[in-house]
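Written out below as structure tokens is the structure these notes cover.
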Amino acid sequence: MVCCFGKKDERTKTIEKELHKERKIMRRQINLLLLGSGESGKSTFVKQMHIIHGAGEFTADEVRAYRQQIYQNAISAMRVLLDARNKLGIAWEDPKRQVEVEKVMRFTVGDLLKGIDFTTFVEVAPIISDFWNDAAIRKTYEQRNLFQISDSCQYFFEHIPRIAMPDFYPTNRDILFCRKATRGISEHIFEINKIPFRFIDVGGQRSQRQKWFQCFTDITSILFMVASNEYDQVILEDRRTNRVVESRSVFETIVNNRSFSNVSIILFMNKNDLLQEKVPKSDIRQYFTDFTGDHTLVRDVQFFLVDKFEASRRDRARPFFYHFTTAVDTENIRRVFRDVRESILEQNLKTLMMQ
């Protein structure tokens, strides 16, 4: 009997030791929740963390999956442009192209979801390339704020000859531009300077936001992503609500939630590269009548948008952090996250000292 109790005691000690070790790790772990509307750049940010603080490269299986997704991105985006060209009544530069339209439009949503293999893609790649070089598609693309299309489509259209090669192997940059809507919740842990950082990425579409509340426990910081270039676009769900207005509404709900009174919330005004392209072409005053700055200056537009989000906070004494980011730019994210990491660790230390 004594011997039996001795074995149980040893097992108990081992379990307690493991639990103590686990609790110690959990106390050190930084839990970051990525929030924001759909297509704001959350998943791209996680990919950057993988490149900067993870393995640096993606596995062969991951690359193969991304290759199929890139094929899907290119076909799907051209389908959108062809449909929009027709609805906008823009005539083909070369009328002969019309006979090729069905070869791209024949792909159903089901086909695209199942995946596109190389053999299928290579059949339509030259057609997609020809369409992209037609002035009608370029004119349609210039009016893309009127319909829903991925920001990354131009990148893939310009790389069609390379993507259509039999030995095409997506680079990290290709993968950063690759788009796939996040469904549900995904978690990624990276050890940075011996401290585990856990990133929780959840879908940003309205239908996915009910899942956000499952992630609200033990959060150290919230990184809230906004696609700053979308000031002249509407959301997919109702095709009426301005995307920046929608993002601000969501941010207001989060930043004023009592559950996050001790959680630092950092605003990422993302897609700064696309904002700089858009400002000279799209007058923000047409969408925000309260804009009083110089509508041709990127800086004025940037700070107008930041002020919109900053004004939604009720607790004015609470620190407000924001950064202008370009999620597909690895060096930009490396630099920004280095600064963000320091402020998060400092805030976490203060919180631990108060416990």
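Any Cβ shown, glycine's included, is placed from N, Cα and C.
What Swiss-Prot annotates here:
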DOMAIN    28-355  domain 'G-alpha'
REGION    31-44  region 'G1 motif'
BINDING   36-43, 176-182, 201-205, 270-273, A327  GTP binding site
BINDING   S43, T182  Mg(2+) binding site
REGION    174-182  region 'G2 motif'
REGION    197-206  region 'G3 motif'
REGION    266-273  region 'G4 motif'
REGION    325-330  region 'G5 motif'
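Positions of Swiss-Prot features highlighted on the structure.
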residue: S43; record: Mg(2+) binding site; contacts (Cβ under 8 Å, 6+ apart): K180, T182, D201
residue: L176; record: GTP binding site; contacts (Cβ under 8 Å, 6+ apart): T44, K47, Q48, I51, A327, V328, T330
residue: N270; record: GTP binding site; contacts (Cβ under 8 Å, 6+ apart): G36, S40, G41, F45, M225, V226, A227, S228, T325, T326, A327
Of 31-44, 174-182, 266-273, whichever stretch has the most CB pairs under 8 A to the region 'G5 motif' (325-330): 266-273
Residue with minimal Cβ packing [other Cβ atoms within 10 Å] among the binding-site residues S40, T182: T182
Packing count at A327 (GTP binding site) (other Cβ atoms within 10 Å of its Cβ): 25
Residue with minimal Cβ packing [other Cβ atoms within 10 Å] among the binding-site residues G36, K180, V202: K180
Assigned conformation of L176 (GTP binding site) - DSSP reduced to three states: helix
DSSP three-state assignment (helix, strand or coil) for A327 (GTP binding site): coil
Per-state residue totals over the region 'G1 motif' (31-44) - DSSP helix, strand, coil: 3 helix, 6 strand, 5 coil
